[in-house]
Amino acid sequence: MAQGWRFQAPVVAVVALGGAAGATARYAAALWWPARSGAFPWTTFWVNVAGCAAMGVLMVAVTEVWDVHRLVRPFLGTGVLGGFTTFSTYAVDLRGLLADGHPGTGLAYLAATPLAALAAVWLASWAARRTLKRRGSPR
Amino acid sequence: MNWLLVAVGGMAGAPLRYLTDRAVQSRHDSGFPWGTFTVNVAGCLVLGLLTGATLAGAAGSELRLLLGTGLCGALTTYSTFSYETLRLAETGSRLPAALNVLASVAAGLAAVFAGVTLADALWA
């Protein structure tokens, strides 16, 4: 590690707290909108797309607009949004659709998630640059 | 109790992703997000194993909440994956950006199938 443990420990701690919050919020969404077997996994899809949009706004805000405390980005970005969004559930649901005889839905899910996720992070960071940079004090 | 299992899993998964990413990224200087790639594929393998174990009746719902929804869900990430892909594309590395998406999806899916097959051999 380039930096000492004393510097890293608070970062790891806020990432853990954020991860717990993000994972719990994703679980709440899954309970709220339960997935139907064989259907397009809309809940995980929207969780991932929303998390990517929030990440786009956050990264512009903390790297280009405001000087924030050094724990803000690891807490919100690495912790909360990283814990909220999931790659493994995407891949496992994808395998389920392909293996259980829903190749059409599976292929749609395969393509739709990365495309929507990338569009969300790109559009959100573009919108954040336009709105936040005009209002926020420039560095 | 279910909420606690998910929260504890998430509390372990997110720092594990952070520390793995730092360890991997400090070992190369290519600018390619190998750290996120590594945790995403590793998380897919573990969740594949867990899915296979569930299908074989060897894993219960509490283990799925702790290790699946909590640990693997937080260990893997779509938001950082998308953001790093966007950064690659914005800084002119369009081909690496496209390769990151294709390789992550292909390797993640392959890891899930491998995990399920391995679990089938172990527990079915």
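Positions of Cβ are set from backbone N, Cα and C atoms, glycine also.
Now, the feature entries from TrEMBL:
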- B:G73, B:T76: Na(+) binding site (BINDING)
- B:32-56: transmembrane segment (TRANSMEM)
- B:63-81: transmembrane segment (TRANSMEM)
- B:101-123: transmembrane segment (TRANSMEM)
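Its own atom aside, the Cβ of B:G73 (Na(+) binding site) has 34 Cβ atoms within 10 angstroms in the protein chains shown.
B:T76 (Na(+) binding site): 31 other CB atoms within 10 A of its CB, across all protein chains.
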